[in-house]
Structure formats: C-alpha cells, structure tokens
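Peer 1: This structure is in structure tokens; I'll ask about it shortly.
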Ligand SMILES: Nc1ncnc2c1ncn2[C@@H]1O[C@H](C[S@+](CC[C@H]([NH3+])C(=O)[O-])CC(=O)[O-])[C@@H](O)[C@H]1O
Ligand SMILES: O=C(O)C(=O)Cc1ccccc1
C-alpha cells in the first residue's frame with residue numbers, strides 16, 4: 001500500500017482538496033489513518049447488505065472512491081437479480097475502482113459510473129450507502145440527494161450515511177477535533193500534515209451536526225433512523241424506509 005505523504009512538506013500555496021490521481025494512489029492509507037473506525041464501518045456495511053438484501057434490487061455506493069463499500073456489499077449479497085451501482089465523479093477514483101472490483105470474481109454484477117451523484121437517477125434500491133460523501137456536496141444539494149434516496153428505496157430498504165460531524169457545543173467540538181488530531185498523530189501524521197490538510201479541506205468539506213442530519217432525514221420522509229457508530233467527530237447512521 002502506497003503511503004500518504006501529500007502534506008508532509010511545507011506548501012507555499014495550499015490548494016483546495018481534490019480527489020485527483022495523487023490522492024487516489026494513496027487513498028487506502030489516507031482513509032485508514034484519517035478516519036477512526038473506517039474498517040469497522042466497511043465491515044458493518046457488508047453485514048447490513050446481507051441483512052437488508054431483497055431480490056431484483058439495486059445497491060448504490062454513492063461517492064464510492066476505490067469501491068471498498070461495494071466490495072463489502074458484494075461479498076454478502078446472494079439474492080437473485082441484484083446489481084451494485086458504484087458512482088464517483090473523480091476519474092482517478094473510478095478507473096482504480098473498476099480495476100479493484102475486476103480483481104475478484106463474483107456472481108453479483110457491479111456497474112462503476114463516473115458521474116455526479118447529484119444528477120444520477122436512483123431507483124429500485126434495497127440499500128444506499130453514502131460513506132463519507134454527503135459532506136463534500138454543497139449544502140443546498142444535500143437535502144435533494146437524501147430526498148431522492150428516500151424515493152428510490154423500496155419498502156424495507158436501508159440508507160447508510162457516514163459523515164464527519166461538527167458538534168453544536170464549542171467545548172465538545174474542540175474536544176472531538178483534538179481527539180481526532182491525536183488519532184492522526186498516533187497514526188504517524190505530523191503537525192504540519194494535519195494542519196495543511198485541514199486548510200485544504202476547509203472550503204470543500206463542511207460537515208453538518210448530527211441534529212442537522214436527523215432533521216434532513218426526517219424531512220425526506222425517513223420516519224426512523226439511528227446512530228449506530230460514533231468515534232470522535234466521525235459517525236455512521238442508518239435510516240429505514242418502511
Ligand atoms: N458530487 C459528487 N458525485 C460523485 N462523487 C463525489 C461527489 N462529490 C464527492 N465525490 C466523491 O466522494 C468520495 C469521498 S471519499 C468516500 C469514501 C468511500 N465511500 C469509501 O467508503 O471508501 C471520503 C473521504 O475521502 O473522506 C470521493 O471519491 C469523491 O470523488
Ligand atoms: O483527514 C481528515 O481530516 C478527514 O477529515 C478525513 C478525510 C479522509 C480522506 C480524505 C478527505 C478527508
């Protein structure tokens with residue numbers, strides 16, 4: 001696995017974070033060392049696919065990056081007529097995702113699409129995974145996507161929504177950020193790497209609070225949702241379509 005050194009040297013000008021070739025090449029290392037619980041979340045997505053699968057249905061992985069969630073779902077789906085649709089708007093990610101998925105044989109077809117998830121039609125879904133992607137959409141586009149996901153889910157369908165979050169209370173927010181920075185430091189990132197990446201993400205990733213997510217889910221029509229994972233300022237929720 002290629003190690004992430006993208007922010008290791010001082011940069012004269014820190015550009016906005018983008019999912020380009022440089023990031024795609026080190027992405028498994030970057031996400032593993034940056035997102036507490038990432039591996040557990042991916043494993044749980046596999047379990048959820050097993051539990052919520054339905055025959056003749058779609059499984060969407062929106063903002064799939066290298067396809068980790070799609071691979072986990074694929075390993076656990078056995079229902080006939082299943083199709084996984086993995087979507088990302090980064091060409092660098094989509095190319096590598098296609099390669100990763102082709103490296104293993106499976107009965108379940110996966111379609112990998114280079115597309116903007118804000119424009120992609122969604123339908124006939126048993127499960128939709130948005131694993132750390134909603135946070136990269138402009139705020140006004142987030143409601144629309146969640147509403148379309150609700151409409152696309154079949155009765156008994158499941159949305160898995162994982163996000164970095166902000167806390168509405170200043171002391172809690174500061175503490176969660178500090179604990180996350182300690183996590184990154186423990187995983188070998190320097191102060192410079194942490195601070196330069198934070199600057200790069202400032203404009204392009206604006207997290208919501210858990211309360212904002214809950215209101216959005218409810219307004220989209222999800223009568224029931226629950227937080228099933230939280231570590232520091234990272235969480236994952238599930239929402240049910242009845
Ligand atoms: N509008 C958009 N349309 C499509 N893709 C988008 C859009 N905006 C951002 N992306 C894509 O969303 C992904 C977010 S990473 C997801 C990890 C993955 N889910 C994982 O389980 O490993 C999370 C992170 O890096 O923190 C990137 O690949 C972007 O190109
Ligand atoms: O690294 C961070 O601080 C994060 O918030 C997570 C992350 C992981 C990978 C790409 C972008 C953000």
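Glycine residues also receive a Cβ, built from the backbone N, Cα and C atoms like all the rest.
From TrEMBL, here are the annotated features:
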- 38, 63, 64, 65, 88, 89, 116, 117, 131, 198: S-adenosyl-L-methionine binding site (BINDING)
- 61-157: domain 'Methyltransferase' (DOMAIN)
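Provide an account of the burial state, proximal residues and distances for the features listed.
Peer 2: Packing around residue 88 (S-adenosyl-L-methionine binding site) is summarised by its Cβ count: 27 other Cβ atoms lie within 10 angstroms of its Cβ, all protein chains included.
Looking only at the domain 'Methyltransferase' (61-157), the predicted model's pLDDT averages out at 98.
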Peer 1: A 10 Å Cβ contact count, applied to the binding-site residues 38, 64, 116: which residue has the minimum?
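Peer 2: Across 38, 64, 116, these binding-site residues, the one with fewest Cβ atoms within 10 Å is 116.
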Peer 1: Around the C-beta of residue 131 (S-adenosyl-L-methionine binding site), how many further C-beta atoms are within 10 angstroms, looking at every protein chain?
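Peer 2: So the number of other Cβ atoms within 10 Å of residue 131 (S-adenosyl-L-methionine binding site) is 25.
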